[in-house]
Amino acid sequence: MTARMISICGLVMALMMASVLASSSRFQRVPQSQSVVENESVKFECESTDSYSELHYDWLHNGHRIAYDKRVHQIGSNLHIEAVRRTEDVGNYVCIATNLASGAREASPPAKLSVIYLESASVQLLGSNRNELLLKCHVEGASGDLEPLEIEWYRNSEKLSTWKNVQLDQHRLIIRQPGSEDDGLYRCTASNAAGRVMSKQGYVYQSSVKCLPRLPRRKNEKMMESWDKQTFLCRGKRGGAAGLEALPAAPEDLRIVQGPIGQSIIKEGEPTALTCLYELPDELKNQRIQLRWRKDGKLLRQVELGGSAPIPGHSFDSGKDALLREDARLVLHKQNGTLSFASIIASDAGQYQCQLQLEAHAPINSSPGILEVIEQLKFVPQPTSKNLELDAVVAKVHCKAQGTPTPQVQWVRDGENTTLPDHVEVDANGTLIFRNVNSEHRGNYTCLATNSQGQINATVAINVVVTPKFSVPPVGPIETSEQGTVVMHCQAIGDPKPTIQWDKDLKYLSENNTDRERFRFLENGTLEIRNVQVEDEGSYGCTIGNSAGLKREDVQLVVKTTGDGFAPEESGGDGFLVTRAVLITMTVALAYIVLVVGLMLWCRYRRQARKARLNDLSTKEAGGDQPDVAGNGKGSEQEPCLSKQHNGHSKSRSKSSGDAQKSDDTACSQQSRASKKSAHIYEQLALPRSGLSELIQIGRGEFGDVFVGKLKATLVTSPSDKDADTEKQHSNSENGSGGSGSGSTTLSTLNEKRRSKTSMDDIEEIKEEEQDQHNQSGLEQLVLVKALNKVKDEQACQEFRRQLDLLRAISHKGVVRLFGLCREKDPHYMVLEYTDWGDLKQFLLATAGKVNTATAGSSSPPPLTTSQVLAVAYQIARGMDAIYRARFTHRDLATRNCVISSEFIVKVSYPALCKDKYSREYHKHRNTLLPIRWLAPECIQEDEYTTKSDIFAYGVVVWELFNQATKLPHEELTNEQVVQRSQAGSLEWSVAEATPDSLREILLSCWVSNPKERPSFSQLGAALSKAMQSAEK
């Protein structure tokens, strides 16, 4: 009995323990099935409800215990898998919870892991005959448990959809009754959460040719080894065979270790980098080897790896399309071959591949990588409200959205997802179409654009209106007697109800500006005038309008006085009066036309005669040696901005010539004499266009393209010679052409030359000019060429002349020289001095390591020291002081508009590349591109440019120098915010951290709001000179 009781008690205790274990082993969180993109990480969560016992967790994969490593590890009770691999990690995962006290174990339900990947796509031909063409898009990839693969078909880059004889059936493309309009290259794209790929090869269909290239239909049959080269061979009637000339393979030890892998998905605006690790053997380092990056088969960036210096302008594949455009966002690192993007934009999406090219050998290609850009969801453009004309047959409201993936566009009315009204539909492009517009179509319509990023909306108001029309228009002319009464009718219909406004001689009439006792405005729009006066005579206009538009009708009121004998019975003579008035008017008009034509012919004859006399006189004075520069040229007849050229040089006239010209001067205005003077100045600057060579476009400015090229050294005149020639001509004009004045001319030339120097350093100025003369003994001079393309834009022409006069009037080593002006034909070229190191901003970025400028056998330049920065700022101050002393203003002073040479000589220049290269540094304000972050407040508010505003910009330039030009001034603010704060006087400036203490106060004074309190360039130069001396100590 006792034993039986003991067994019963043991059974009860076991049941109780089992119940406790069952309750304690229930899971609070169980692992969930997941689908993840390959190479991404995943986490399985597992947690038991038993918080009183010590538990141990294990994980099983497909029934086997997991061996943990760095990639697959357990944190607490959760399982973490880094860089998921589809070949190893796919399957079921089970969490095992073990009670260490009792040894009881509990298993969670299995969780399935599916891997999403996308490798490649190819087009396969399933069948082709006259009645049907059947293609299949074969994809190597999987979408897991998410949405299936999305397949898109393209013909010659045009996206196809089910239409007419084209049918899309899952992965297949069916074209029934194919014809010549279906000819082209067919390719397909596949996309899922892992990205998007396009078939590397396509299928070419051509209905009119019997020999068609065919894709292989067996998987083991090889395509071309190079994915970016496709050659289809077709033997013609003559039996000729096409082929490619093979190049020898590169050495095996020259190879690419790692290229861009798989597919990268980057959000718009984020930075990224593409890897290209390579091995370069020592025996090949002295040979020509190029590292290239290609995008969609086109050359994007390249760099020389070998020791041999590259030939300028030469490339191994110069005949191929290239995308070698200057873009500060893209940097190719020579050391490791990485292609880095500072910020991604939508156009960067594509297929990238790096390549090693040994001269005269076949290229070595890496595996291609796909860069997909997630474009921000936005409307392009924003939908706007619209007025629709009642009973219009068709009216459209557009709604276009962009984003990644492609957004779906739909319309709803009044914020509710209800059915649109009758005769309103939405086409495939998201356009809202109204047919047979009626009043029921009024309301608020919302456009919804949706993709995986979310949803955006824009609401527009649709109003149905009726264009105003005259139901009773004013009819005239109206004649009335003085002190009579006249009624001018004007009634209108429309929806909304039109308003009616009267005016007299284009001046609005209302009860406030008229005599209320005589003028009466009726509710229906009629104007009644009582007790008509003589001054009431004139042209009266009635304007009707509503939100749909405006219309106007005029009526003439004629007031007859009592003395004119106006009476109703005399109206029969009105016909004769009208006829006489018409005859008189026509006679006067004909006489005026004859007079104008006669004056035009006379002026043209006088101008040609005067031009002939000037040409003859110039030829005689030059001894017959001067060629006809532009007198007979076609280009000079069509110069819209600059004064026309004249033959030879303007010199002194003899007394008889002056008497012959005296009569012409009486017919010429002061403006024509000024035009002759400017023409003489431009003629001195004339350069033949044939002297320019190797022009390379580096950007676009406000009035045209900007180039860098070379100028024959024989055409470069030293500044001293130019000044002496000019001074000699002025002396001859004043003192006559006799030889006795040569001594005084030379003396005055030297004195004028010394006076033209700035007061900072005359001795260094003379040395600089002597060095320039010595340098001109070479064959060619590096120059900057600015083209005047906008010849019909008066503002652009005026700015072109201003820059020309500015650089012509200054001879200083701190300002670039003006070599000349090419005016033989359009466009005109302004030829300026340029340096071997280019613009200062790019130099600063290179020394800061932001731009890769390393060439073969060299390294990146080191950052500038404080002494070097002060030397650069001092030279710019000297150049700006020279501009100030010549009574000019620069208006666009910045590091981008200065140049630096390999001798560390800095000069103030004027490239002004505001349209592409430095477009971020300009903002369109009042219909003009302005460097608002460098402008003083008075320039933005009142368009007032002075030397003090140049000093304001100079302070910003020094700020750029100490920051190595790595960031924009106030880059945390938008352009609109900078303009608003500058106009409000709330834009705060502070000097750079590396600025010496001795310069902080004077630099801060450059930015004070009162221009009179800003320092001068001479004061800034003196402060910089002291700072340089202190830095040297």
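Each residue's number is its place along the chain shown, starting with 1.
Every residue, even glycine, has its Cβ placed from backbone N, Cα and C.
Small disclaimer: the values here were computed from a predicted structure and weren't measured.
What Swiss-Prot lists as compositional bias 'Polar residues' is 655-673.
In this view, Cys95 (disulfide bond) is surrounded by 26 other Cβ atoms within 10 Å of its Cβ, with every protein chain counted. The disulfide bond annotation in Swiss-Prot covers Cys46-Cys95 (among others).
Annotation for Cys188 (disulfide bond): spatial neighbours Ala121, Val123, Leu135, Cys137, Ile151, Glu152, Trp153, Tyr154, Leu173, Met198, Ser199, criterion Cβ-Cβ under 8 Å with sequence separation of six or more. What Swiss-Prot lists as disulfide bond is Cys137-Cys188 (among others), and the listing cites sequence analysis.
If you take the C-beta of Cys354 (disulfide bond) and look for same-chain residues 6 or more apart in sequence within under 8 angstroms, you find Ile256, Gly259, Pro260, Leu274, Cys276, Tyr278, Leu291, Arg292, Trp293, Arg294, Gly337, Leu339, Asn365, Ser366. According to DSSP, Cys354 (disulfide bond) is assigned to a strand segment. Residues or ranges marked as disulfide bond by Swiss-Prot: Cys276-Cys354 (among others).
According to Swiss-Prot, the disulfide bond annotation covers Cys399-Cys447 (among others), on the basis of sequence analysis. DSSP assigns Cys399 (disulfide bond) to coil in the three-state reduction, outside any helix or strand.
The disulfide bond annotation in Swiss-Prot covers Cys490-Cys542 (among others) and rests on sequence analysis. Sequence-distant neighbours of Cys542 (disulfide bond) (same chain, six or more apart, CB under 8 Å from its CB) are Pro473, Pro474, Met488, Cys490, Ile500, Gln501, Trp502, Gly525, Leu527, Arg552, Glu553, Asp554, Val555, listed in sequence order.
According to Swiss-Prot, the domain 'Ig-like C2-type 1' annotation covers 25-114.
Taken from Swiss-Prot, the feature domain 'Ig-like C2-type 4' covers 368-463.
Annotation source Swiss-Prot lists domain 'Ig-like C2-type 5' at 468-558. With DSSP states grouped into helix (H, G, I), strand (E, B) and coil, the domain 'Ig-like C2-type 5' (468-558) comes out at 3 helix, 50 strand, 38 coil.
Secondary structure from DSSP puts Asn39 (N-linked glycosylation site) in coil. Sequence-distant neighbours of Asn39 (N-linked glycosylation site) (same chain, 6+ apart, CB under 8 A from its CB) are Ala83, Val84, Arg85, Gly262. The N-linked glycosylation site annotation in Swiss-Prot covers Asn39 (among others) and is backed by sequence analysis.
What Swiss-Prot records for Asn336 (among others) is N-linked glycosylation site. Neighbours of Asn336 (N-linked glycosylation site), defined as other CB atoms within 10 A of its CB across all chains, total 11.
Taken from Swiss-Prot, the feature N-linked glycosylation site applies to Asn417 (among others), supported by sequence analysis.
The N-linked glycosylation site annotation in Swiss-Prot covers Asn429 (among others). Mapped onto three states, the DSSP output places Asn429 (N-linked glycosylation site) in coil. Cβ environment of Asn429 (N-linked glycosylation site): His398, Lys400, Val409 lie under 8 Å away, each six or more residues apart in the same chain.
The Cβ of Asn444 (N-linked glycosylation site) lies under 8 Å from the Cβ of Arg413, Asp414, Gly415, Thr459, Val460, Ala461, Ile462, each of which sits 6+ residues away along the same chain. Look at Asn444 (N-linked glycosylation site): DSSP puts it in a strand. Residues or ranges marked as N-linked glycosylation site in Swiss-Prot: Asn444 (among others).
The secondary structure of Asn457 (N-linked glycosylation site), as reduced to three states from DSSP, is extended strand. Taking all protein chains in view, 14 other C-beta atoms sit within 10 angstroms of the C-beta of Asn457 (N-linked glycosylation site). The N-linked glycosylation site feature in Swiss-Prot is assigned to Asn457 (among others); the stated evidence is sequence analysis.
The N-linked glycosylation site annotation in Swiss-Prot covers Asn512 (among others). If you take the C-beta of Asn512 (N-linked glycosylation site) and look for same-chain residues 6 or more apart in sequence within under 8 angstroms, you find none.
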Write down the Cα-Cα distance for Cys46 (disulfide bond) and Cys399 (disulfide bond), rounded and given in Å. 48
CB within-chain contacts under 8 A for Cys46 (disulfide bond), separation at least 6: Phe27, Arg29, Val30, Pro31, Tyr57, Trp59, Ser77, Asn78, Leu79, Cys95, Ala97, Ser108
By Cβ count within 10 Å, point out the most packed of the disulfide-bonded residues listed: Cys137, Cys490. Cys490
By DSSP assignment, list the helix, strand and coil residue numbers for the domain 'Ig-like C2-type 4' (368-463), in that order. 3 helix, 51 strand, 42 coil
Going by Cα-Cα distance, which of the recorded positions (Cys447, Asn457, Asn524) sits nearest to Asn336 (N-linked glycosylation site)? Asn457
If one measures from the C-alpha of Asn457 (N-linked glycosylation site) to the C-alpha of Cys447 (disulfide bond), what distance in angstrom results, rounded to a whole number? 5
Hey, how far is Cys447 (disulfide bond) from Asn524 (N-linked glycosylation site), Cα to Cα, in Å? 41
Within the chain of Asn524 (N-linked glycosylation site), which residues six or more apart in sequence place their C-beta under 8 angstroms from its C-beta? Gln491
Cys399 (disulfide bond): tally of other CB atoms within 10 A of its CB: 25
